[in-house]
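Participant: Attaching a single structure in structure tokens format; questions to follow.
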Amino acid sequence: MARRWSTKESQRRGSAWLLLFLAGVYGNGALAELSENVHISGVSTACGESPEQIRAPSGIITSPGWPSDYPAQVNCSWLIRANPGEIITISFQDFDIQGSRRCTLDWLTIETYKNIESYRACGSTIPPPYISSQDHVWIRFHSDDSVSRKGFRLAYFSGKSEQPDCACDQFRCGNGKCIPEAWKCNSMDECGDSSDEEVCASDAHPPTTTAFQPCAYNQFQCLSRFTKVYTCLPESLKCDGNIDCLDLGDEIDCDMPTCGQWLKYFYGTFNSPNYPDFYPPGSNCTWLIDTGDHRKVILRFTDFKLDGTGYGDYVKIYDGLEENPRKLLRVLTAFDSHAPLTVVSSSGQIRVHFCADKVNAARGFNATYQVDGFCLPWEIPCGGNWGCYTEQQRCDGYWHCPNGRDEINCTMCQKEEFPCSRNGVCYPRSDRCNYQNHCPNGSDEKNCFFCQPGNFHCKNNRCVFESWVCDSQDDCGDGSDEENCPVIVPTRVITAAVIGSLICGLLLVIALGCTCKLYSLRMFERRSFETQLSRVEAELLRREAPPSYGQLIAQGLIPPVEDFPVCSPNQASVLENLRLAVRSQLGFTSIRLPMTGRSSNIWNRIFNFARSRHSGSLALVSGDGDEVVPSQSSSRETERSRPHRSLFSVESDDTDTENERRDTAGASGGVAAPLPQKVPPTTAVEATVGSGGNSSAQSTRGGHADGREVSSVEAPSVSPARHQLTSALSRMTQGLRWVRFTLGRSSSTTQNRSPLRQLDTAVSGREDDDDVEMLIPVSDGASDIDANDCSRPLLDLASDQVQGFRQPHSAGNPGVRTSNRDGPCERCGIVHTAQIPDTCLEATVKTETSDDEALLLC
């Protein structure tokens, strides 16, 4: 019996070592031989918060607990990464997941991109192979809290889509892709072009299932995982914790060994079944520790090694005797395979539960417990409540006592120095547990029950810098430095946000500036189009109509023709009609045409009006001599206060009807009557100017010779009237000189001006004045003027200052016509409107008068 046990133990140990280097791929009776870079799925972070990252070129992934039922409410994920430029091929070998419509209960997904599903499967049908388009693949498995099934088992292989040649254990597809030889003729298209299934019709045959002799009563039939053929194995290899059969038939449906006990002492020990040998698969043990003391219980695992294949084996430790999830202290798995492991309860009671799956096994664990402050019989107290240490732990280079008592005075180290190991290297206490290795083997940073100031103590008795706590990186190795961290935005994120905000603000300011600049340029262009024309452009664009034929004849520029209308006692001339129309529209007000847009300036208009009164400028339209003069002065003042009544064109007067002319009031409010004949008083002329009188007399006699009627009314011999006439003639002489000088200077710049334009010096000499005045020619109806003289326009007396001269003259001698502008020149007998001959100017009396008085024009 002892010999048999020895043989079984040796076989068990050999199988355990083989499991560390070999892995079988179970699928349709075929076995793929994988290299040392093969990944075998086990208990890992795949079913935790983060996915398990796999970088091996090939491997096997199984669901938790396969081939047993997977647990409920699990979420596992794997991330397979291949080399750049390679693709990943996944082939399912076993698949049994709870089925549902659209796979909403339990499901398996394969994704090329995270959170973007490209493949979802459930049920009992083996899915077809999956060939990725990228160098990475996400695999996710989910189960609900209802039905559980066997799960899945898949194999993956990564390589280039086209390769010139393949390895000896690989098959080259028709498209140049390489796959494992075991995938050939397995009724699945792993190549993508079905070339691995084309040559299977003739040579394909099922795995070796030839008949063999029945096994003995103490043997069982098994498909050997080593020879790939069915063989008979002794019953002793069944349920021994070692997998001998390819289908795991020797380790399935084994009876659970009884283990566990109730511990009621202040200290004690316990271990896994068969320790230090492998514990049986499917072990399920519970230890209840009740010291009967209120003090804490210290549980220490001196040796710990669990299996990690499948869902894995675990040890759960509870604070108390109840299996209460809220009082779970710690869960130990295959990833905690390091010693010592210490767990401290809050009371004198602890519950330890060990569970193993039915796949493979490991050495197990050995644990001790004791009440805080007590030591085991074979231990040495560290002093106070610092714990205990064994003789083997004395001077081994590792602190088993928090105060380092087990490492004091061990070697040739100085006082307050500790050895790194037995090689004689020492370090001071200040270098202990400061996250800086001073010993070659790092013993100064192991078993750190306390850390130096500025360091953080991890749950696995390691020390890290405090600045590394809650930095989103696992520096402790167990994630304890990232637990219970407040949600704080990293400084880098804040800096990036501030810089981004500044850049965005700067771009916004630049955009606003550009927008404002473009808007200003646009408005400037629009204003440039809307700007009023300058005075020069206005003069060039606003051409005046050429003078009429009658005006040219009246000015003496062309000789008269026979068929042109002439003045007669019974018919008014065309110019007289024009004069009457303008007078009816303006009410004896001077026509003032705006030169530029600045005519709206009231101050310039007031200034020009004052200048016209004091500088000798003449109004162009006046009332008749027979009309009441006092009302004319008040009417002129009233009309001057109307700035827009003068804005009428001369051409518009020709369209007035006869009724409008008849009904339009003149200066005195009546209808404008034909002008009376004018005979210059001979006595007054002779008294004033000799030569001028002779000329006037000759002109008068010439008129009588032609048969024209002349008024017989003579001028009164009253001395005041003669004095006023003399003063008026003197002022007329000065005005004629001024007009000659002005017209001579502006003749070169006003060639295109109409005779109806102004003769004001302010307008003809400068372009800055705003208003111009028109001289309206009139026609006299006297019969003593010949046809040529009647065709010429007559000047009207426009100065308000001569009213005193005209009123007494008319009042004293109603039969005699007062001296005004409506008449021929005393010198030549012609009515001058634009230019006055030099002979007429030389014949006038050179009498200087005040500028404040009105000037009479010939």
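Each Cβ is built from the backbone N, Cα and C atoms, and glycine gets one as well.
Note that the structure is predicted; figures quoted are calculated from it, not measured.
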Participant: Among ASN284, ASN694, can you tell me which residue Swiss-Prot lists with the annotation N-linked glycosylation site?
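Facilitator: My reading of Swiss-Prot gives ASN284.
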Participant: In Swiss-Prot, CYS470 is disulphide-linked to which residue out of CYS439, CYS448, CYS451, CYS485?
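Facilitator: According to Swiss-Prot, the disulfide partner of CYS470 among CYS439, CYS448, CYS451, CYS485 is CYS485.
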Participant: Would you mind telling me which one of ASN366, ASN752 Swiss-Prot calls N-linked glycosylation site?
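Facilitator: Residue annotated N-linked glycosylation site in Swiss-Prot: ASN366.
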Participant: Using a Cβ cut-off under 8 Å, which residues of the same chain at least 6 positions beyond either end of the domain 'LDL-receptor class A 5' (450-486) come close to it?
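Facilitator: Answer is 342, 402, 430, 432-435.
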Participant: What is the total of other Cβ atoms whose distance to the Cβ of ASN366 (N-linked glycosylation site) is within 10 Å?
Facilitator: 18
Participant: Looking at the recorded positions listed here (CYS166, CYS239, ASN441), whose Cα lies nearest to that of CYS173 (disulfide bond)?
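Facilitator: Result: the closest of the recorded positions to CYS173 (disulfide bond) is CYS166.
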Participant: So if I exclude everything within five residues of the ends of the domain 'LDL-receptor class A 4' (412-449), which remaining residues of that chain have a CB under 8 angstroms from its CBs? That is, six or more out.
Facilitator: 340, 395-400, 402, 404, 455, 457, 461-465
Participant: Does DSSP put CYS439 (disulfide bond) in a helix, in a strand, or in coil?
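Facilitator: In the DSSP reduction, CYS439 (disulfide bond) maps to coil.
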Participant: Taking Cα atoms as reference points, which of the disulfide-bonded residues CYS395, CYS401, CYS426 is nearest to CYS458 (disulfide bond)?
Facilitator: CYS401
Participant: Quick one: among the disulfide-bonded residues CYS166, CYS215, CYS222, CYS413, which has the most Cβ atoms sitting within 10 Å of its own Cβ?
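Facilitator: Of the disulfide-bonded residues CYS166, CYS215, CYS222, CYS413, the highest Cβ count within 10 Å belongs to CYS222.
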Participant: Let me check the 10 A CB neighbour count of ASN409 (N-linked glycosylation site). How many other CB atoms are there?
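Facilitator: 10, counting other Cβ atoms within 10 Å of ASN409 (N-linked glycosylation site).
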